[in-house]
């Protein structure tokens, strides 16, 4: 919303969700037309070895970079949670983001990622979905209690902003699941295109409304001060948000193995003919997670990671490749609705890729990683255009922890 402008951002969110829904169904239709059961084999049969290699690179990079971003989120959020424990020194190395990333990797993400069957993660995904709903409730509560006390930026309500293409990249990152769609499709009981379509329609509708509630409540609270990681906006002494940070950290830790499954499958398909022995299964998993962990220890700004992964990896996986495969495989007339939509998605996807990358590099998001926002310090509010009573309310809000548990 910050990058696109609030009204345009809402419209783009609906548009990206529709394109995601369409392309996910199109992808499985392409698999049915070609008689293939993986994204890589579909592209290989459609465009040969060059297409197979390009798709493999993208399909590896997207979840791999997502793993890095999840580590960054876990380190950022859980370190602030542990700093709130009474008697704990905020400078203690054992509650720092580096230690937390390493600990969560060894104790949670690595063991979960070592499963061979993605269906084993069903209960884990259910817990993650439940926690997401709980986090949404916290963000909505803070939009009501905190939002009125934070000054709004001058361009808060403009219809559109120049960085709208970067916003499409972030939204694409949020919605994409094409890289593991065949894995999920194969885990269904009696998988059919019709059953997959119903599942996708229901999932996308739920997802888009969750995203809209998150985006709206977050942006209405912080407007132009919104950070790439929304929880970086909240003050550290807010107990309710601390609980939300804990839930958020657990959610991304539980989501991490889904991405690792895809990276491992790509490596298995490219280098091992699709099958990994028990030993190589462990070795490949440990190597991928180790490299992702090391990179995440060196990078601490989430916004640029989301943008680049969105425009360079998610956009071709959503907009370009499913459409190109379907257009080449389908024998429907050019006036068929699926083909018309595919023809529209191809140039749009290419434009988002090129211009989104250029803008992400030339206009990177501000990153205040690890810093308290100015409104968390009462003295700073003398600089804002607010009334005396407003200053008193905000000062009190910054000092007193507002919590549903009080």
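Placed from the backbone N, Cα and C atoms, the Cβ positions cover glycine too.
Whatever TrEMBL says is automated annotation, not expert-curated.
Noted in TrEMBL for the protein shown:
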type	residues	note
DOMAIN	1-361	domain 'Amino acid transporter transmembrane'
TRANSMEM	6-28	transmembrane segment
TRANSMEM	49-73	transmembrane segment
TRANSMEM	93-112	transmembrane segment
TRANSMEM	124-144	transmembrane segment
TRANSMEM	164-188	transmembrane segment
TRANSMEM	200-222	transmembrane segment
TRANSMEM	279-299	transmembrane segment
TRANSMEM	311-329	transmembrane segment
TRANSMEM	341-361	transmembrane segment
- Can you name the far-off residues of the same chain, 6+ from the ends of the transmembrane segment (124-144), with a Cβ under 8 Å from a Cβ of it? 112, 210, 213-214, 216-218, 220-221, 230, 234, 238, 240-241, 243-244, 247-248, 250-251, 254-255, 257-258, 404
- Query: So, do the transmembrane segment (311-329) and the transmembrane segment (93-112) meet, by the test of 3 or more Cβ pairs under 8 Å (sequence gap 6 or more)?
  - Reply: no
- Note on the structure: Of the listed stretches 6-28, 93-112, 200-222, 279-299, the one with the highest count of C-beta pairs below 8 angstroms to the transmembrane segment (49-73) is 279-299
- Message: Restricting to CB pairs under 8 Å, which listed stretch, 6-28, 93-112, 200-222, 279-299, is in contact most with the transmembrane segment (164-188)?
- Response: 6-28
- Note on the structure: Ranked by Cβ pairs within a distance under 8 Å of the transmembrane segment (200-222), the first of 6-28, 93-112, 279-299 is 6-28
